[in-house]
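These notes are about the structure you will find just below.
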């Protein structure tokens, strides 16, 4: 057991070292000012102290940035004007630039956010079809290394990881667009009610920045989004799953997509490193999983590849005993894709087998297909300006 733990720790160290190679640029403007967005509370206090102000002022600034959503120090009414001017001389409250903004016929909204170095990612708001709320699908990397065969993002090479500021900034910019400031408190309904880390990139290959961003978003004195309203999706970076569950405790979604290694090795190449048995074992250990907070297994339905009744029975066998639900996702085509979505009959037969075994198996209705905003369709396609 000790040897296994040592191997896991060594692999985590390797993953974090590789993440450093793709580190984002410093949150620094050409004029030397630093971006306060993305700093932890301690880092914000240090930044305030660096310009000769009392560290306790950081609490006030935190409130203005993350609860009120201001982008101008002049709006911080309970801070004296000389200090506001000093803050403006040394810092900014950043947002990503909006390079494109598209609205689907079903009201799904996709934004292409461009950062200071002209790299870009796509972020999607998916409104609920019956209630006045919705999910923000956030990206964690520019491009991706996983090369999942059915995913458009997988055709875009990894350029770099996103910083905590760039990850938080996607959510804040979406809230700007929908006017959801100040942050709703307690049980007050939220229009942007949940976050799904299911956009571009593999979140667990950028764990440190993703974790820092989620801690900011979950902070009760700022944005205050509960960990129960955040879902992190991974293709199966097994060594980081335990740490994610222990430190963040957010909901887990696993991009499974196949139940046999020989198939998953092809469509999710990460499986060659962490196979299905290892992945399912990590799911069984996931600290935040319970009957009240089930692990979601995502399963894209590919015609003739992974959609047989035998596949459905094997899926039930694999996840037996795990508090889980299965999201069945009809394949969403994209330019150059070679796969086809399973037939409606095949999908419903598959779902019936899973449901008869006692697991929820909703078939996801495609959202935003007409603007390439559906699951597996994201790619930052605009050329840098």
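Including glycine, each Cβ sits where the backbone N, Cα and C put it.
TrEMBL entries are annotated by machine, without manual review.
Taken from TrEMBL as is:
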type	residues	note
ACT_SITE	122	active site, proton acceptor
DOMAIN	130-372	domain 'Radical SAM core'
BINDING	144, 148, 151	[4Fe-4S] cluster binding site
BINDING	201, 202, 233, 255, 256, 257, 332	S-adenosyl-L-methionine binding site
ACT_SITE	375	active site, S-methylcysteine intermediate
Out of 122, 144, 148, 151, 375, which of these recorded positions is nearest residue 201 (S-adenosyl-L-methionine binding site) by C-alpha distance?
144
Subset of recorded positions (122, 148, 151) lying within 10 A of residue 332 (S-adenosyl-L-methionine binding site), CA to CA, in sequence order:
151
Compare the C-alpha of residue 151 ([4Fe-4S] cluster binding site) with the C-alpha of each of the recorded positions 122, 202, 233, 375, and give the closest one.
375
Going along the chain, which residues six or more apart from residue 202 (S-adenosyl-L-methionine binding site) have their CB under 8 A from its CB?
140, 141, 144, 145, 146, 234, 235, 237, 270
Using the residues the record lists for S-adenosyl-L-methionine (201, 202, 233, 255, 256, 257, 332), what whole-number Å value is the largest Cα to Cα distance?
19
For residue 255 (S-adenosyl-L-methionine binding site), write down the residues of its own chain that are at least 6 apart in sequence and whose Cβ falls under 8 Å from its Cβ; none is a fine answer.
148, 233, 234, 235, 236, 268, 298
In the three-state scheme derived from DSSP, which category covers residue 201 (S-adenosyl-L-methionine binding site)?
coil
Per-residue pLDDT averaged over the domain 'Radical SAM core' (130-372) comes to what?
93
To which of the binding-site residues 144, 148, 151, 256 does the lowest count of other Cβ atoms within 10 Å belong?
148
When the Cα-Cα distance from the residue listed as 'active site, proton acceptor' is computed for each of the recorded positions 256, 257, 375, which gives the smallest value?
375
